[in-house]
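See below for the structure under consideration.
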Amino acid sequence: MDQDACTHSAALILAAGKGTRMCSNKPKVLHTLLGEPLLFHVISALRPLFGSNIWVVIGHGSSLIQSICSDLSLNFIYQEKQLGTANAVSIALPVLQQSRIKRLMVINGDMPLITSDLLECIIKKSDKTDFVFATLKLPLPNDYGRILRREGKIYSIIEAKDIEPSLQHDTTVEVNAGLYYFSLEVVDKCLPMIKNENKSQEYYFTDIIELAVENGYLVDSIYFEEDWHFLGVNTPKDLSYVESIQQAFIIEKLLQSGVIIHSPESVRISPFATIEPGVEIYGPCEIYGASYIASGSIIYSHSWIKNTTISHDVCIYSFCHLDTVIIKDKCSIGPYARLRPGCHLEEQVCIGNFVEIKKTQLGKHVKINHLSYIGDAIVGDESNIGAGTITCNYDGENKHHTFIGKKAFIGSNTALVAPLTIGEKSLIGAGSVIIRDVPENMVSIARGKQKNFSKRK
């Protein structure tokens, strides 16, 4: 889409519904698919085509939706009463007109398998029409609205609840996919004519098709053979099914690109993750968010990774939990390690079993091999942190920082009470509780004097 078209076109996501059949108080569009809300998947498909011209109609759980989407540069429109899809569009219309939008795409917020390429096909189809929408042919139409044609031309859509009994058992019929792109002029004229004279007593946006045809507008459709792109989520079963389709597609694409995946049926990978050819993954494993894994790295089973950048030749052993971390080349993590948000590991860092790290920078060749907690710290190159080392970073009110210089050696079972600085090449004796700064090249021991007593006979 060219810049001018992008400026005067917009997308409207319908996300105000309660999603009653999900049996949850959470807004339906916030239920997650492969670690991300359904709404995020739709936004991801729209963003390359519409930029910041994306409006979301919200109602149930509106404050929660706005909070979770606060960093996404979206425009929100509140629908107080959910009176139907036409009502949602009518509420948005004045805002869109004020923003000088000329063409609008309307899409449901629960269609996570939609793609930018597919949306672009619909936009291109609209060049010679006033209103275009997507259709499918399904052997079991279920809840989909039926397309009615007269002499081959579309003239109406009938929603599933209002279909005559004689048509209920039709085999393989053309249905509405729930995706529209049109001139705002059509909506401005025809939307006020829509009535709620149907079994649901709702204002159906699909009624605009018949009204547009009657008023002389050019209405057309684009048929898609692959119906799975348009699958919506209405129930927990739907969510599970859609997720399985998305996962199978992602796994197949990665396998073809050269990623080695053992037990692929037990591996879950976000569509927003990037994994280079030459990576090896053992299932079960979960990789979410905008994670990036470079070639040569190995991810062993039962690892959970989110929004993490893993460079070349890194080994993540089993049962590791990595959240928003940067890991440079040739590091070794785990097993049973937890790296929390804000960690940055330079090249060839070794993190062993039962180690937790939070908001910490580790220099090159740092070793933390066993049973330690390092939080709010900076550790210099080639330092060694002994087993059982704890940075005592919280005083009950505030967090404090620990600075450990290059080539320092921290003995086992040491408590470092922050704020604290350990100088370069210093050595801390095992079992110490360090409460004051230690200068460079010093040995510091802070523990009780050992006393031996004879055993009683």
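Here the Cβ of each residue, glycine as well, is placed from N, Cα and C on the backbone.
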Exercise for review: Among SER412, SER454, find me the residue Swiss-Prot lists at the same acetyl-CoA site as ALA387, ASN393, TYR394, ALA430, ARG447.
Suggested key: SER412
Check your understanding: What counts of helix, strand and coil residues does DSSP assign across the region 'Linker' (237-257)?
Key -> 21 helix, 0 strand, 0 coil
Practice item. Have a look around ALA430 (acetyl-CoA binding site) and count the other CB atoms within 10 A of its CB, chains all included. Key: 15
Review point. Within 10 Å of the Cβ of SER412 (acetyl-CoA binding site), how many other Cβ atoms are there?
Key: 17
Point to revise | Spatial separation of HIS370 (active site, proton acceptor) from ALA387 (acetyl-CoA binding site) - C-alpha basis, Å | key: 5
Review point. When the Cα-Cα distance from SER412 (acetyl-CoA binding site) is computed for each of the recorded positions ASP110, ASN234, HIS370, which gives the smallest value?
Key: HIS370
